[in-house]
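Pulled from TrEMBL:
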- 39-55: transmembrane segment (TRANSMEM)
- 62-80: transmembrane segment (TRANSMEM)
- 306-327: transmembrane segment (TRANSMEM)
- 334-351: transmembrane segment (TRANSMEM)
- 387-418: transmembrane segment (TRANSMEM)
- 476-502: transmembrane segment (TRANSMEM)
- 514-533: transmembrane segment (TRANSMEM)
- 539-555: transmembrane segment (TRANSMEM)
- 576-594: transmembrane segment (TRANSMEM)
- 600-618: transmembrane segment (TRANSMEM)
- 637-847: domain 'Metallo-beta-lactamase' (DOMAIN)
Amino acid sequence: MQPEQVTRMRFRRAPMAAAALWFALGIGAEHWISPAPRPLATALLVLVALAAFLIQRDARGSWLPVAAVWAFAGLAAAHWEPRPPTTTPLMAYADGLSRTVRGHIIRIHPLSAQNTQQDQDIADFGELAEEPLEGAEHALSVDVAVDAVEYLTPDISRMIAISGGLRATVYGDTLPKLNCGDAVELALRLKLPERYLDPGAFQYADQLLAEGISTRGSLRADRLHIAGPGWDSARGWEEAHCRIQALQSWAAARLDHLAAAHANRLLPALLRLDANDAAMLDAMLFGERSGLHHALRSGFERTGSFHLFVVSGLHVALLAAGVFWALRRLRLRPWVATAVTLALATAYAVLTGFGQPVQRALAMTSLYLIARLMSRQSDSLNSLGTAILGMLIWSPASLFTASFQMTALAVVAIAGIAGPLGERSFLPYLHGLGGPDRRLPPRVQQLRLMVELWGEWLARLLGRWALPAPRLLIRALLWTLELALIGVVAELVMALPMALYFHRAAVFAVPANMLVIPLIAVLAPLAVLTFAASLASPWLALPPAAATALLLHAVRWGIGRLSHLAAADVRVPGPVWWIGVLAVAAWLACAWAVRRGRWGAWAAVAALPLIASCVLWPEPVVRAPGMLEVSALDVGQGDSLLVVAPDGRSMLVDAGGPVGAYAAQSAIQTSFDIGEEVVSPYLWSRRMRRLDVVALTHAHSDHMGGMPAVLRSFRPRELWVGIDPGSTGYAALLQEARDLGIAVRHLHAGDAQNWGEVKIAVLSPASAYSNTGAPKNDDSLVMRLQFGAASVLLEGDAERRSEQAMVAVGIAPVTLLKVGHHGSLTSTTAAFLAAAAPRDAVISVGRANTFGHPRAEVVDRLAASGATLYRTDQSGLTTFLLGRDGGIQAKIVGAGGSSAACPAAGC
């Protein structure tokens, strides 16, 4: 392939790249500008006419109206793009009543068996979940296009026509045989997907709405009935999409069966595919990620190489590049090679499930190859600009998605900066050593001559076989240098999306990717060959499977060694928006500078690490100086509170998690970690990088479930706990804390300390109390915080017995009470409430929870005491600021991050 010549970046040489930039700016402007349709259309027509007039006259300033045309076109496209619905009629029936739902199957996904032997902490909740999960190890996730729902009143029950999407988990000892398009009838309670009203929290409900799913539910297999097969003619796309996903699940299952086959188990461990290997191959080849548990994926996440094991633009691009290169080596015409490449890439995309990132990657690859085919003088930046512009025209909203932004920044890094830097330095030598003589610069000709003379000398010494050795050696070194250059530039540019979306600074991403990418280039075709052979016989698949296993184990070993280094796991807050905008502008300036000459290339080399440093530079923690802050996070049916002392010290009390019987279902359905997806993002939104203290009130999963992620991400100096119950999950948490170098402190009633200007007194559990069995609510660590005349009582899930013991010792009135056990009848007794006499009270509780929390009796009791009540299920994140004089101010923050004062009547 002929190397590209580095030319100055000009509008006329890369018009589509410039058009994509202006179009994107127009889409971004739509967030601040909401023009009326008629003036917008008029302005666009006027600009088109002005641009055409100036271009016809070849005026020097014609680029300005052309840029304005593209910017206004982006503004118009974003303004007129249909928005996904935020509500559906079906959502009105998610009212907790059990009802019949009818519809057609549009997705079937077998759920991986997970370890259900962990502590579920179901005992002593006082109330049971609505549906026990017998046989939960066998489960299916099923999407249903709803046609009708049962309308219920106290007097009548009838089916009414309705539309909407339902994602149901079907579990039992024996699962039904379902097919795409089956008409089904389900008896279940419809629920709304959980929304966590905290800044930065991942909203799974929005993702489901984008997929057409507005409600969820779970049911035993005997409550699902198949009414018959058949598709409505209007459901053609749904049928095709369902069958594509079924094909994806089938392909992934083939590799799982190969790993479990008798033939595979005969191989030695080093050459044998195990369940983890199969899970990685399922993800890498078919986009099936359900088998990627935390322990398997964490090393790749920490080293910035996880993208190599999920189907993404990289896999589609590698496949397309390999096929196109091979076809051109066979001397096929460019249009034939392009057509065959696109056909094979499309088939692969379909096999992976044809998700949105793969659709985007396929579209960009197609547009790039077509643009390259139509261009007489190929310019990679212009071809890639065409692809990006096409994707933005198709979906303007994709500009704000992480996958699109990372793809666009990769284009800027590789084609815009790394490529020209290489062409201005060492790549001409690599091209000069690669093929027959061509017109070469004198310095390249000199190197080539020296290498040929060296080869002839070695041939005389060692034989003719050594003739190409010097050329191959130097080409390998230059190729390694090229890979390193691309890796370094890409990682410096990717610092922004990695910090913004994944809160990671991938320190070892370059060596990790330099290790993995060459292996993946060999591993991917071997894995495809293994899959193809497994379709015929496990015995036939043994040779490629053994080679695949060997390479996979080498990758896992190398990444594992890198990821265990302490510096590999650096978690960081995302930068504020204006730093991100300036960073993107600076990288575009670097792409312009490297094409201006050597001085520009050196300026870009110096600027790249400075830009990354600005992106990752620590910012001051967002806090209220001189005030004691207590923020109740919205973690659903669980507890998590952030306490910030007047001097800036920070303490997190509990970290939420799955509750009761739902813990088993959660472990099967998803790898969702509330500590990683909800609690940590809020702390990062406050610009926090480390916590001083993390306190665990007791070892129930709805308080402890998110804590391992918090410990790993924020490395607190101390972990405060009460007693040590007989819980394997709790023991694992303590061991992880010790492994991270976190000091573990056990606290009991009577312990007291000064925490800066805040005095902390422990009220429970009593020093004589112990519990070696399953965790109980009365294990709770109860603390009183005193700051001047203001005080806070954090009760955990302490119940009647603990409250009676505290009242017997004596409780002074408090300014703020964190109500115990989510407002259950088992806590907040009349005597305890009379003694505490809180001015304000807050309950952390989940929306539409099946426990009936908070109980009406507790709410009435709090109202009668004169306390103003706040609830996270109604208000989301709520922050209380307490002054030294005893004053308190409550602010409802919610998911948007802006504060609003709560009315005196409560929230």
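The count begins at 1 with the first shown residue.
For all residues, glycine too, the Cβ spot is worked out from N, Cα and C.
By the Cβ criterion (under 8 Å, sequence separation of 6 or more), the transmembrane segment (576-594) is not in contact with the transmembrane segment (539-555), since fewer than 3 such pairs are found. Long-range contacts of the transmembrane segment (514-533) within its own chain (CB-CB distance under 8 A, at least 6 residues past either end) are made by residues 251, 254-255, 258, 281, 284-285, 305, 308, 315, 318-319, 322, 480, 483-484, 487, 540-541, 544-545, 547-548, 551-552, 554-555, 558-559, 562. Put simply, of 387-418, 476-502, 539-555, the stretch with the most CB pairs closer than 8 A to the transmembrane segment (600-618) is 476-502. For the domain 'Metallo-beta-lactamase' (637-847), the model gives a mean pLDDT of 92.
Only residues 6 or more beyond the boundaries of the transmembrane segment (387-418), in the same chain, are considered here, and those with a CB under 8 A from a CB of the stretch are 16-17, 19-20, 23-24, 27-28, 30, 74, 77-78, 81, 312-313, 356-357, 360-361, 363-368, 371, 380-381, 485-486, 489-490, 492-494, 496-497, 500-501, 584, 587-588, 590-591, 594, 604, 608.
Within the chain carrying the transmembrane segment (334-351), a Cβ under 8 angstroms from the stretch's Cβ atoms is held by residues 244, 247-248, 251, 285-286, 315-316, 319-320, 323-324, 327-328, 358-359, 361-362, 365-366, 369-370, 372-373, all 6 or more beyond its ends.
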